[in-house]
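Participant: The following block contains the structure, expressed as structure tokens.
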Amino acid sequence: MLGIWTLLPLVLTYVVRLLSKCVNAQVTDISSKGFELRKIVTTIETQNLEGLHHEGQFCRNPCPPGERKARDCTVNEDEPDCVPCQEGKEYTDKGHFSSKCRRCRLCDEGHGLEVEINCTRTQNTKCRCKPNFFCNSAVCEHCDPCTKCKHGIIEECTLTSNTKCKEEDSRSDLPWLCLLLLLIPPIVYVVIKKACRKHRKENQGPHESTTLNPETAINLSDVDLSKYITTIAGAMTLSQVKDFVRKNGVSEAKIDEIKNDNVQDTAEQKVQLLRNWYQLHGKKDACDTLIKGLKTADLCTLAEKIHAVILKDITSDTENSNFGNEVQNLV
């Protein structure tokens, strides 16, 4: 009895090992069958393009190019019922089992494309670049505009390559550059000559630039400016008057004094400043000093204006004097 109880664990261990081997064998067999099933399905999927397609039932052959399947096969290895694709809008270019045709490609003009070959039931639309556009990629989804050359063309633009342009050649500008260098010296000479002539004309004395009789020319340098001070002051700005008198002997202290005495009246400041200068300078050559001083300060227009006023007045006085003398001679 004791021996039986001793052998029982050994028997149970053997049974467990035997059952384990059986289970492993079954699992291995199931895995092997699963692999074989996947292999069969893969083979069937591959054969879809070769003549068999499983969709409900197996169809023996695909629909030819330009057609699509109208309905599923009802019997294994039956012939499919195929109908044509819509001409000009759809196509299929190889045998297939699909119930749909492919949509024809559109050639987008906005991307530089145009139709080369129209779409048929068995062939998709073929696009190409429009004139003056190119595409250098294998599949053209868009075309780029050809480059426009400024300095000449090496190679014209084609459907597959851009224009090759000549680079700007500095030597082409050489003749123009030489011509410009030849023209510069005479142009500079003419400009300088005119500037010198203008400068000489501006620096001429009042009696040199205007044709006067000898008597008027002599008296112009000694003309009494006191009666013209107000007119001259009215033609000048305060800063111009200050600048002139400062350069011609009037001290800063005197300028400040006149300013403080006439703080609210700039017109009176100008008159008093010019009177003070005239008193310091004296009558002799005062007119010439005033005219030349204004021209030196680049106030030629103002100098000519003042000179014209004085000259007109002197000429009028001279004519009146001559008229009086003629009357006396007649008497």
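Placement of Cβ uses the backbone N, Cα and C atoms for every residue, glycine included.
What Swiss-Prot records for Cys59-Cys73, Cys63-Cys82, Cys85-Cys101, Cys104-Cys119, Cys107-Cys127, Cys129-Cys143, Cys146-Cys157, Cys149-Cys165 is disulfide bond, and it gives sequence analysis as the kind of evidence. Here Swiss-Prot flags 226-310 as domain 'Death'. Residues annotated as repeat 'TNFR-Cys 3' in Swiss-Prot: 128-166. Swiss-Prot lists 172-192 with the feature transmembrane segment.
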Participant: Could you give the residue numbers and ranges of same-chain residues that sit at least 6 residues beyond the transmembrane segment (172-192) on either side and whose C-beta is under 8 angstroms from one of its C-beta atoms?
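Facilitator: Same-chain contacts beyond the flanks: 151.
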Participant: For Cys101 (disulfide bond), which of the disulfide-bonded residues Cys63, Cys107, Cys146 has the nearest Cα in space?
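Facilitator: Considering only the listed disulfide-bonded residues, the nearest one is Cys63.
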Participant: In sequence order, which same-chain residues at least six apart have a C-beta under 8 angstroms from Cys107 (disulfide bond)?
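Facilitator: The answer is Leu113, Glu114, Val115, Thr125, Cys127, Arg128.
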Participant: Which one is it, among the disulfide-bonded residues Cys59, Cys73, Cys165, that lies nearest to Cys157 (disulfide bond) by Cα separation?
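Facilitator: Nearest candidate: Cys165.
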Participant: Could you measure between Cys143 (disulfide bond) and Cys63 (disulfide bond) for me? Cα positions, answer in whole angstrom.
Facilitator: 36
Participant: Looking at the domain 'Death' (226-310) alone, can you tell me the average pLDDT?
Facilitator: 85
Participant: Distance check, please: Cα of Cys63 (disulfide bond) against Cα of Cys104 (disulfide bond), rounded to an integer number of angstrom.
Facilitator: 18
Participant: Around Cys85 (disulfide bond), which of the listed disulfide-bonded residues (Cys59, Cys73, Cys149, Cys165) come within 10 Å, judging by Cα atoms?
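Facilitator: Cα within 10 Å of Cys85 (disulfide bond): none.
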Participant: Going by Cα-Cα distance, pick out whichever of the disulfide-bonded residues Cys59, Cys73, Cys82, Cys129 is nearest to Cys149 (disulfide bond).
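Facilitator: Going through Cys59, Cys73, Cys82, Cys129 one by one, the closest to Cys149 (disulfide bond) is Cys129.
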